[in-house]
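Participant: Sending over a structure as C-alpha cells; questions will come in a sec.
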Amino acid sequence: MQSDILIIGAGISGLTAARTLAEAGRRVILLEASNRVGGRIHTIREANEIIELGAEFVHGKPPELWSLIEEANLETYELDGTMLTFEDGRLQSRDEEQEATPILDKLESLPEPDQTFADYLAQHPLPEDQRRATIGYVEGFNAADHRIIGTQSLGLQQAAEEAIEGDRLFRIRDGYDRLPQFLAQKFTEAGGTLHLNTLVERIDWTPNHVRIEAHQNAQPITFETAKAVITLPLGVLQQNSVTFTPTPDVLHEANRLRMGNARRFTLVFREKFWANLKPSTLSQKLEALSFLLSFASMPPVWWTPHPTPSNTLTGWVGGPRSAAFANFTPNQLAEAACKTLAQIFSLDATDIRSQLISCHTHDWQHDALSHGAYSYIAAGALDAPSKMAIPADNTLYFAGEHTDTTGHWGTVHAAIRSGQRAAQQILDQAT
C-alpha cells in the first residue's frame, strides 16, 4: 500500500502527527498494533466508575493539551481534598511533595557535570525522614531509579512543571480515552487511513523511501512511503521489537535513556468505607481524601478522584519497588492491597475484602507494545531526546514523550508536542 507519509503507532503523539499532516493535505496512513487507539491512554468503565489503566492526570496547564481538550469540548475537574500520610502507626497530615520541592528546586541551578540523584544526596545529606520522602517522591513520580536518574533532568523538569502550574492535577470527567478518540475522528475526517491490529516488524529505508513489513490480523502486509514517523514507545525501541535496516543513529540515543516501571491498580468497592470510619478525628479529612502516602507500605501511594463521588481507591508504586508487584495477578494485587489498607485504617482485611467488587490493572512493563510505563533521563543523557528529534535523512522522524526536549517527558502533553514537532518538520521540509 502506498502513501505520502506513514505513521507507526496510534498513541497520542502518532495521532497528533497524523491529524496535522492529513489536515495539511498529505496522504497519511496510520498503523496501530492493538485493537484501539490511545496507546498508554487506556480507559475502562465499570459500575458508573471511570477507571484509567494508563495516563490519568492532566498536569497543570500545558497549552497544547488544554487547547485539544477545549476543541474536543471535554469536561474536566481539578483534584481537590486532603493529603494524608500513614507513619508511625497513625494517619497524619503531611505532604511528601512539599518536603521534596525545596531539594528539587536547588537542582534547577546545579552546575554541570550531571550526576545521579543518589550521588547528589550522598554529597548533600538530609535528615532521614526527609531523605526517604524525597526519594519516594522522585521514584514514584518519575517511575525511576534514583540511582540512575540525572539531577540535570530533574532540575529541568522542576522548572518546566513550575511554568505550567504542574502541581495542579486535573482529570477528564468522561475518561482520558475521549482525547485519542477525538483525534482519530479528526484524522479520518481529513482523509487519513487508520489500520488497527497491524503489527510492524521490519522497516527498510533509504533516503525518501521506506518499506514496512507488518502483520495485519495475522496476515502479512507491506507498505511503502516516502517518509515515516515512528512513535513507538521507548521500551519497544530498546527491545529491538522492530528491525530497522539500516539502523538509524536515533536508536543509539534511545538506549541512553531509561524506560520507567510502575504498577498501578484501581479497587472498586461497594461503598466509600474509608469515609465512614468513626469515631475519628480524621473522619472529615477521610471523607475528602485525595492522596494517601504510606512509604513503608506496598503500595506506598493511594489516591481517589475526589471531589468526584467515587467508591474507588487507586494504588501506585513506581521505580524499583514496583518489582515486588511485577508478576501479581489482579487477585493477588487485591489481596495485598486489602492487607495494606487494613493496616492504614485499623480495620480487618477480610472486612475490606468483603467490600471489594473488582480490581483493575494493566501490566505495562510486560506489555509487548510498551515495555514500561514512561521514560526518564539517566545521568549524562540529557542531550539524548534532542538528538532523537533530529530526522534521519529527512526520511524517518521519531516522536513520543521520550523525545521531548522541554522537561516534560513522561507526560501526555510531551507526546502531543512531539507529534506536532515531527509533523512540522515534514511540512517545513516540503516548503
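Cβ from N, Cα, C; glycine included.
Heads up, TrEMBL stuff is auto-annotated, nobody curated it.
If you look up TrEMBL, you'll see 12-427 marked as domain 'Amine oxidase'. If you look up TrEMBL, you'll see S13, E32, A33, V200, E401 marked as FAD binding site.
Please go over these features one by one and say how buried each is and what sits next to it.
Facilitator: Long-range Cβ neighbours of S13 (FAD binding site) (same chain, at least 6 residues apart, Cβ-Cβ under 8 Å): T231, A399, G400, E401, A415, I416, S418, G419, A422. Following the DSSP three-state reduction, the secondary structure of S13 (FAD binding site) is helix.
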Participant: Within 10 angstroms of the C-beta of V200 (FAD binding site), what count of other C-beta atoms is obtained when all protein chains are considered?
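Facilitator: For V200 (FAD binding site), the 10 Å Cβ neighbour count is 24.
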Participant: Give me the count of other Cβ atoms within 10 A of the Cβ belonging to E32 (FAD binding site).
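Facilitator: For E32 (FAD binding site), the 10 Å Cβ neighbour count is 26.
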Participant: I'd like the number of other C-beta atoms within 10 A of the C-beta of E401 (FAD binding site), please.
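Facilitator: Within a 10 Å radius of the Cβ of E401 (FAD binding site) lie 29 other Cβ atoms.
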Participant: Mind computing the max CA-CA distance among S13, E32, A33, V200, E401, which the record assigns to FAD binding, rounded to whole Å?
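Facilitator: Pairwise Cα check on S13, E32, A33, V200, E401 gives a maximum of 20 Å.
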